[in-house]
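A.B. asks: Per Swiss-Prot, the feature active site, nucleophile maps to D93. Residues annotated as domain 'TRUD' in Swiss-Prot: 166-353.
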Amino acid sequence: MPININKFILDMERFDGTLKKYPEDFIVEEITPEGTVLEVGKEIGFEDVEKWHGSFIHFTVEKTNWNTMDALKQIVRATKTKRKNFGFAGTKDKFAVTTQRFGCFGLKKEQLENINIKDIVIRDVQKTNKKLRMGGLWGNKFTIKIRDLNLSEKEIKRISDLKLDYVLNYYGIQRFGLIRPITHIVGKFIYERDFESAFYTYCGTPINETGDSLEARQLVDMGEFKKALKLFNRGHDYEKRLIQQYLKYKDFKMAFTALPPQLNSMFVNAYQAYLFNEMINKRFDYGFDELEGDILEDNTPTGTLIGYDTKFSGGIQGEIEKEIVERENLDLKKFKIEDFGNFYGTRRKMVTPIYDFKSRFENEIFELSFKLERGNYATIVTREFTGNLS
């Protein structure tokens, strides 16, 4: 089951290169709703609110080779508080240098300022009366280095002259799984209420794995759950939770209640994203200028994230959306999934602008910098040059 990322904006011969050779090659700096870039290594000096009610604190986390959730676990442990007391505006990947705002409830500034965790820096601690919510950011600034290039002077000149103003608004590989792109497959099984297949796909089905992880997944596929538990390591906490819950209740649906609700929602969201990516592919041949029947956002045609309350476009875009629904044999009402969430369906632009795009070659390194609005993927931009998603 592919992830449906097939088309390109740039008409060019793509080049091989190494992305993310070092964490410092992929810098992600969060941009606040007010447009402030949380620059790496820089104090911003956010001002405390004048009349603080003693509730909320926001702070910037700069981290190297930490994803958002693992960094948060360490911060929770260091402050001796609970995960539910914290929030963040957006998630960031691991193998990178990233900045982002976190929010917390019921802590003192000193508790945060005194934290000492390897490769994590906390700064810009600010007293506020506002809760930081998911999505509470404008977007991100990316600075990306692609190494190990072997290009002629002519090729360098050709690529340096390219200008990229917008990109196809695909959901990136991160939505489906970097190592094992199976999140959307699990989501489809959950939509179909085939929780047994969802369980085996997530815990078994080895892809690109070796050693204990490979053997553990093979044991799951053979039904040897207790043996598999002994081989899954600390990086497979969710697989272990699923198996333990299944062994306790002997019910595949009940097993998924051991996972965080956000993760269970992400499975179905990934299936919706997979279908959306296919809409982009089918619309590509018609172009992305406005056509009769389009539903627009910021004067840009949108596609639907299919859910129980989906409103179809008219015209050609509507035909594309309905064709996918019919081919997948979807019953929209089934996107109300007990214990997993109600996936009502929304709309998303099929192309998205790139802001402040710059590129340069230096010492056989191709460096890109640009800004994207929240919910958009930098690897879709780099893919335009390299053809690779990771």
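Note: Cβ is positioned from N, Cα and C throughout, glycine not excepted.
What does the local environment look like for each feature on the list?
C.D. replies: Under DSSP, D93 (active site, nucleophile) is assigned to coil, being neither helix nor strand in the three-state scheme. Cβ contacts within 10 Å of D93 (active site, nucleophile), excluding its own Cβ and spanning all protein chains shown: 18.
The average pLDDT computed for the domain 'TRUD' (166-353) is 96.
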